[in-house]
Amino acid sequence: MSSEMLPAFIESSNVERKQSLSEDQEKSQKPRLGEQFEPISKRQMKKLIKQKQWEEQRELRKQKRKEKRKRKQLERQCQLESNLDGNDRKRIRRDVVHSTLRLIIDCSFDSLMVLKDIKKLHKQIQRCYAENRRALHPVQFYLTSHGGQLKKNMDENDKGWVNWKDIHIKPEHYSEFIKKEDLIYLTSDSPNVLKELDESKAYVIGGLVDHNHHKGLTYKQASDHGIDHAQLPLGNFVKMNSRKVLAINHVFEIILEYLETRDWQEAFFTILPQRKGAVPTDKACESSSHDLKSARIEDGLDSDSSEEDNSRNELESPHEEEKQDKENSSETTVNSIPH
């Protein structure tokens, strides 16, 4: 073979060798005849179950919210029609029945929060105030230990708070003006579960936005001070695909809704955001066995990556929680709050 033909011969040999290697790789990647897919992990099955429950209950949650809006619109319309003279807003307020239940947001955790969390707390307080003003059975609303970063942020960004009505804003701790025997601290860590709301009591909500950095703090504080404590009966009525720690305004609104309907399940499903994936506990139990069977026949799923995805579902990351909190608070602005 001449020296001129040698480079061409080497090049063609390299091309043939690459084609042969690529064919071998394709053959090795194709599943062999008779091979079966590996069973998916338990975490992946749980994820599929939760996703299916979320999809099934989406329309139910929408319908609940729609019914609530229609019911309130109808009530307002009836109130307006029954009173033909005077200011419309005043006519509505005269028909409101005020509850004797005291609901306190404890703002004594100011030093444990950074500024961005203080701002979220401010937005949630705004939402609580607005919802209480609109409620048919508004509670006796207290904001205690008001000062520090929170007061400074409210002074700078919401100067109208000094004109808020039907709210008691106090710099003192709630224990200084409310009897200990009247207090019940609402905390998800408490082993006690509420069955009814006692309207002679004062219920305390911890004003702490911390992304779960101080887990169990409100429960410990209540125990150390000898204050009764309890959690909402969430687990008795609702199955969720995320953690059971609720935002301050969600707890507040659930109590307002319960005072109106006297139905815990309706209150939970009316107020809980769709991202929580809430389903009734009885329906969740009925569908779990069916979903487990259907999950096993699903193929083409990456079981290795499912554990990471599911862990995000069970414990939200601070970044995701911040995004969700922005969505929660975006509905409430200073201009929309009635004074």
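Heads up, the Cβ atoms here are built off N, Cα and C, so glycines get one too.
The feature region 'Disordered' is assigned by TrEMBL to 1-78 (among others).
For 14-35 (among others), the entry in TrEMBL reads compositional bias 'Basic and acidic residues'.
The compositional bias 'Basic residues' annotation in TrEMBL covers 61-73.
Annotated domain 'SAM-dependent MTase TRM10-type' per TrEMBL: 88-279, in sequence order.
Other Cβ atoms within 10 Å of the Cβ of Asp210 (active site, proton acceptor), summed over all protein chains shown, number 16. Taken from TrEMBL, the feature active site, proton acceptor covers Asp210.
Here TrEMBL flags 279-339 (among others) as region 'Disordered'.
The annotation compositional bias 'Basic and acidic residues' is assigned in TrEMBL to 283-299 (among others).
Per TrEMBL, compositional bias 'Basic and acidic residues' is recorded for 309-329 (among others).
Taken from TrEMBL, the feature compositional bias 'Polar residues' applies to 330-339.
Mean pLDDT, taken over the domain 'SAM-dependent MTase TRM10-type' (88-279), works out to 89 on the 0 to 100 scale.
In the compositional bias 'Basic residues' (61-73), the DSSP tally of helix, strand and coil residues is 13 helix, 0 strand, 0 coil.
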